[in-house]
């Protein structure tokens, strides 16, 4: 009997989904070369079992200012344990590919530190770590392609069992079977007793949200399917002057209902926390997508993910039966998922699309255009269950996922070019740079008609959007406030784009009482004790979390004088975008938390109100002595805002302040600032 190849384990850590895409691409390329591969999120992997793995590929992204993705935090904490022996990973072979942006100060920091730590623990690198750069003309794929080529060559040299026919061999079109990951069961609407029929109002919305997102293959690991609660907007207030070139809003959201714990009747969060919101999609865009793809919006579906650990060399689809429904092997038969959603309850196809598939905001994955194998579908009717089950045979034929469905020859040729190495850069310009949506791409190729099971696999998932909370629960019980820049931009080809979630929120009328699915999570800014002085730097919407800090400190003053706050805020013009002007000034007077009399202060940089631009770092240098005095008093430093140059400019200013006021060299000042970081007295939350 022919030996099967070794299984290649690929672990990814992603915040936005790019590392998942890259990991799946590595897995697909391995399988095409005859190497079985398993792709898993790093938070689904038991870190203690790492020494028992022969070969592991890590694909990790860097977020913010060198932060690990949420899904990687526990794994990384485990690796940093002091009691782990230096030879703990001896005999393990590994490779690391990182995704980052060279415009950030800590470019691919997570990949670099993971590579060092794995190596320090005794593992052997297969190839030098690869570093994908968003600034490259082809994005991270500009580095991924050559890195994979080297990986396969070196992996073959280490263990030929991974590639029984060599690393350059590609499984023939008539042999390779690439099974879709998902089984879809359609139920006849007139013969199904829907659970949702007895649920009304908010209960129905909650059930549908949890059910749809529990079925979605594109879930972000740190987000639960069921929202923590539903909120409604009670205030939608512009903070910037109309016509100034930007639209910044203050939103006040009020608690409606808790989902996970219905007995809870209040919002529970802390200052510095983050609110994640699931946005509604434009109904007209959803309808256009359904019509374009010839989908019946009233169809009822049950969608169950397949295990990735499927033997791609098997020529049979092996199934086992439980009752009247047939499941592929690798699917657990169960009635409820981990969050209590009834896995047998169907949901309307339109609702599934609305809640899980980003059809009019995100750009399609490159996988949308890649060369793939499509199995022939067999439709099996199960009368007793009133269901249609999609199963698969072993008669594949080579396609490019879109091009195989294209009936127009010129469309087919263009899609094949995009999928080729020669067309990679043009595809990047067409797709990612222009931020074309799935709907737009499908409309650009009108002859393409894709089955729904492929759309489910290929369309990017609808993700929650994260916002720093700009309120304190002490000041606003049962409310959460957000400070949101309504995103809009122009693409290289002068196409107008807007942010899905910010635009949706800005368009909500508080009188309509729309229920907003929301999740709370900890951010990068831990709440400080009342006794700790603070130096806060938050230009633009970076001031959002610090509004909550100031409110909390003012509430703490009622129980006794809390430590002072020094806040540096920046904007373009005093008349256009001086966010929360009255709020800051009121707390800077009458011995408030920001008052100079208390040892604090409020300092504003208006970058465009004079010929020479002035930023927050300039104001910090002007207050050099005050900043240093607070640091000596044990102050913690918090920085929030744009992730481009601001965080590094602020750090540079602090290095200058320490060097000047302490009378030490710049090198010593750098070391002192690093010590503040290690002591938990320097925090950064940045976003692009």
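Count begins at 1; order follows the chain as displayed.
Cβ coordinates come from backbone N, Cα and C, glycine included.
TrEMBL entries are annotated by machine, without manual review.
Computed from a predicted structure; not experimentally measured.
What TrEMBL records for 8-152 is domain 'Flavodoxin-like'.
The FMN binding site annotation in TrEMBL covers 14, 15, 16, 17, 18, 19, 61, 62, 63, 64, 134. Taking a C-beta cut-off of under 8 angstroms and a sequence separation of 6 or more, residue 18 (FMN binding site) has the following same-chain neighbours: 61, 99, 140.
The domain 'FAD-binding FR-type' annotation in TrEMBL covers 226-528.
Summarising the annotation, TrEMBL assigns FAD binding site to 435, 465, 466, 467, 468, 499, 500, 501, 502, 687. Of all the Cβ atoms in the protein chains shown, 16 others lie within 10 Å of the Cβ of residue 466 (FAD binding site).
Long-range Cβ neighbours of residue 608 (NADP(+) binding site) (same chain, at least 6 residues apart, Cβ-Cβ under 8 Å): 572, 573. Annotation source TrEMBL lists NADP(+) binding site at 541, 607, 608, 613, 614, 615, 616, 617, 649.
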| remark: Rounded Cα distance, in Å, between residue 502 (FAD binding site) and residue 14 (FMN binding site) is 22
| said: Assuming the binding residues for NADP(+) are exactly those in the record, 541, 607, 608, 613, 614, 615, 616, 617, 649, what is the maximum CA-CA distance in angstrom, rounded? | reply: 19
| query | Which residues, sitting 6 or more apart from residue 614 (NADP(+) binding site) on the same chain, put a CB under 8 Å from its CB? | reply | 605, 606, 607
| request: Determine, using Cα-Cα distances only, which of these binding-site residues is closest to residue 435 (FAD binding site): 16, 63, 541, 616. | output: 16
